[in-house]
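Visitor: Questions regarding the structure given below will be posed in turn.
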Amino acid sequence: MTQIINFLQYFGDQMLEYILFPLLVWTCIAIPITGYLRWTKSMPAVYQYHSRIALALVLPLGIAGALLTDFLAKSSETASTAFIVVQNPITVGPGSSESSLALTTYGPNIWLGLLGTLVVLGIVLYLCKMATDFVQLKKMEQHLQFQPLHSCSELADALSINEKHDTNTLLAYSNIATIPFTYGWRKTKIVIPSDLKTDSQNLAMAVQHELMHIKHRDYLLNGLLVFIKAVFWFHPLVHYLHNSSQEYREITCDSEVLANKQFSKKKYASLLYKLAKREHQTQLAMSMAINPSSLKKRIQIMSSQTNISSKFRSSVLMTVVSATLVVLTISCTDMAENGITNSEVQQAQSQIQSTNQQQLFFVNGEQVTSDEKIQKLSRLKSKYIKSIDILKGDKAVEKYGPKAKDGVVELHIWNETKQKAFTDLKEENSNVSDLEHQDFFVEVEQMPEIKGGLAGLQKKINYPEMAQKAGIEGRVIVQFIVNKQGEVENPQVIRGIGGGADKEAIRVVKQAQFEPGMQKGQPVRVQYSLPITYKLPDSKNES
């Protein structure tokens, strides 16, 4: 039972961090856009179709982008310790001490983990349904005799087969299939009910309709939409986008078929009515008839709408650009403005305020020597700052020479806002209003020391059972202030691994007692970062 609870807790943590927030952002963006699309009757069908596809594709791409953003942020965090004074890390293994982790089945993340597990089970069922449809499609294919489309004499007069996707297409007639459909990505195949061969014009219109699906790569897009619906089966908006996109996909093809003046609109509408009453075999294949309820709408639109082929490319371009913008919005919602967090800016600015004037300052590669301008650096607003780097020791000397022995602060400000950045400053007291209670040093002459040493603190640390069961290991970095009395203030995890390890690190750090840091013979408040490495036996992972 404990293992199950631990798993649900961990899974709930991951769901909350990586899935729910991007999903919520997508929903907030998608609802008004979907409403606009639904109530805008004058928008061409091709725009309606591509907009719905883009909106559905944005959801998994946005979540993937958020995961990638988090991964890159953690990677850069390990590569640079600009704001971290790293002491010798504490390594923790299983059995360091008796477990003190208290789990409760009533915690919100437990229920979130349970809900996530049910969602995964639903995904598995939907994917099994997709696999079943695919197997049925392949079984049907075994009983069909395909031939190149260009060799079909009965279609030679009615169709002008000259495009690459036409000449590579295979065609078969089936006594089992009830409606025309298309499938296959690299080698596309069209299956036509045998009874349509009795009417050459109906046959030509049906094949022409399927060729439009091939031209638009609809089979690939439909497969993606079916997969998205399977993964996000619990979201009603995803189902709506899938169903409505099918409707506008068919309307788009209808318009292109009827651009051929040899096809009668009345005859084509009669064919649609005939096929709409038949059973649809599989959602993986592209069929000419989707839903009888949409038949009236399709006929109304085809009677009034002109050829939309000229709008197709502009619709694709507009859709790609819009989807990219929304994906970036979802991916970056949990990042601070311009990719740098306010806490990072405040930490660097605090160091600027408390540092001596022997440290060097560079803004966009140019050294700042004016005392007045250096003080302004501590009041820059984060929205103007692209990045901050603090070089110390050998790295600073290697880049700037002996004059940089006391360290270098490099600020990169967005070029288009550089002038405004030094006039639109924070209030002078907004960063540090009370030297006694809010100021702290990042480096001092004598850094704080843990009473009892790292070994004494290590004995108090437990390797959470939940992390052990899930195989979680890595480095947790806790940042805090050591005050003048040697007590820990405001501990927070700036790099975590989850699985209860972060909470355990905070618990132990709160118990730590320090010899306070000293500057010019006086105890001062010092920012301190303590790395704690959790490592499982026989692990080759190095954090």
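Here the Cβ of each residue, glycine as well, is placed from N, Cα and C on the backbone.
Model, not experiment: these values are computed from the prediction.
Heads up, here are the entries from TrEMBL:
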DOMAIN    448-543  domain 'TonB C-terminal'
TRANSMEM  18-37  transmembrane segment
TRANSMEM  49-68  transmembrane segment
TRANSMEM  110-128  transmembrane segment
TRANSMEM  219-241  transmembrane segment
Visitor: Output the single range from 18-37, 49-68, 219-241 maximising the number of Cβ pairs under 8 Å to the transmembrane segment (110-128).
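Guide: The stretch with the most close Cβ contacts to the transmembrane segment (110-128) is 219-241.
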Visitor: Mean pLDDT, the domain 'TonB C-terminal' (448-543)?
Guide: 84
Visitor: So which residues does the transmembrane segment (219-241) touch in its own chain, when a touch means Cβ under 8 Å and the partner is 6 or more beyond its ends?
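Guide: Here the qualifying positions are 23, 27, 30-31, 34, 52-53, 55-57, 59-60, 119, 122-123, 126-127, 129-130, 182-185, 188, 213, 249, 283-286.
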Visitor: Report the DSSP secondary-structure composition of the domain 'TonB C-terminal' (448-543) as helix, strand and coil residue counts.
Guide: 22 helix, 36 strand, 38 coil
